[in-house]
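As given in Swiss-Prot:
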type: BINDING; residues: 11, 14, 17, 58; note: [4Fe-4S] cluster 1 binding site
type: BINDING; residues: 21, 48, 51, 54; note: [4Fe-4S] cluster 2 binding site
type: DOMAIN; residues: 2-31; note: domain '4Fe-4S ferredoxin-type 1'
type: DOMAIN; residues: 37-68; note: domain '4Fe-4S ferredoxin-type 2'
């Protein structure tokens, strides 16, 4: 099944999502847009199993990483974004 992983510019570069991913889909890459100088990236999205552990690990009020399963459309699920 094909999943889409979106990383938003609200990422604070904390690496929580990267450490939470059981299949190493995510990695940190250099980015000057935040204090930490890095942002999450999803270069191996084909390995995403849709567990959404990255979403759960994200400490920001506005989830910086979102996983959309297959044909799932953008929906709030009670979360601000």
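Backbone N, Cα and C define each Cβ position, glycine as well.
Since the structure is predicted, the reported quantities are computational estimates derived from the model, not experimental observations.
Features recorded in Swiss-Prot, as mapped to the structure shown.
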residue: 11; record: [4Fe-4S] cluster 1 binding site; contacts (Cβ under 8 Å, 6+ apart): 31, 34, 39, 40, 60, 64, 65
residue: 14; record: [4Fe-4S] cluster 1 binding site; contacts (Cβ under 8 Å, 6+ apart): 36, 59
residue: 17; record: [4Fe-4S] cluster 1 binding site; contacts (Cβ under 8 Å, 6+ apart): 26, 40, 54, 55, 57, 58, 64, 65
residue: 21; record: [4Fe-4S] cluster 2 binding site; contacts (Cβ under 8 Å, 6+ apart): 53, 54
residue: 48; record: [4Fe-4S] cluster 2 binding site; contacts (Cβ under 8 Å, 6+ apart): 3, 5, 23, 25, 42, 67
residue: 51; record: [4Fe-4S] cluster 2 binding site; contacts (Cβ under 8 Å, 6+ apart): 22
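Other C-beta atoms found within 10 angstroms of the C-beta of residue 54 ([4Fe-4S] cluster 2 binding site) number 26, with every protein chain shown included. Packing around residue 58 ([4Fe-4S] cluster 1 binding site) is summarised by its Cβ count: 22 other Cβ atoms lie within 10 angstroms of its Cβ, all protein chains included. Note on the domain '4Fe-4S ferredoxin-type 1' (2-31): DSSP counts are 5 helix, 9 strand, 16 coil.
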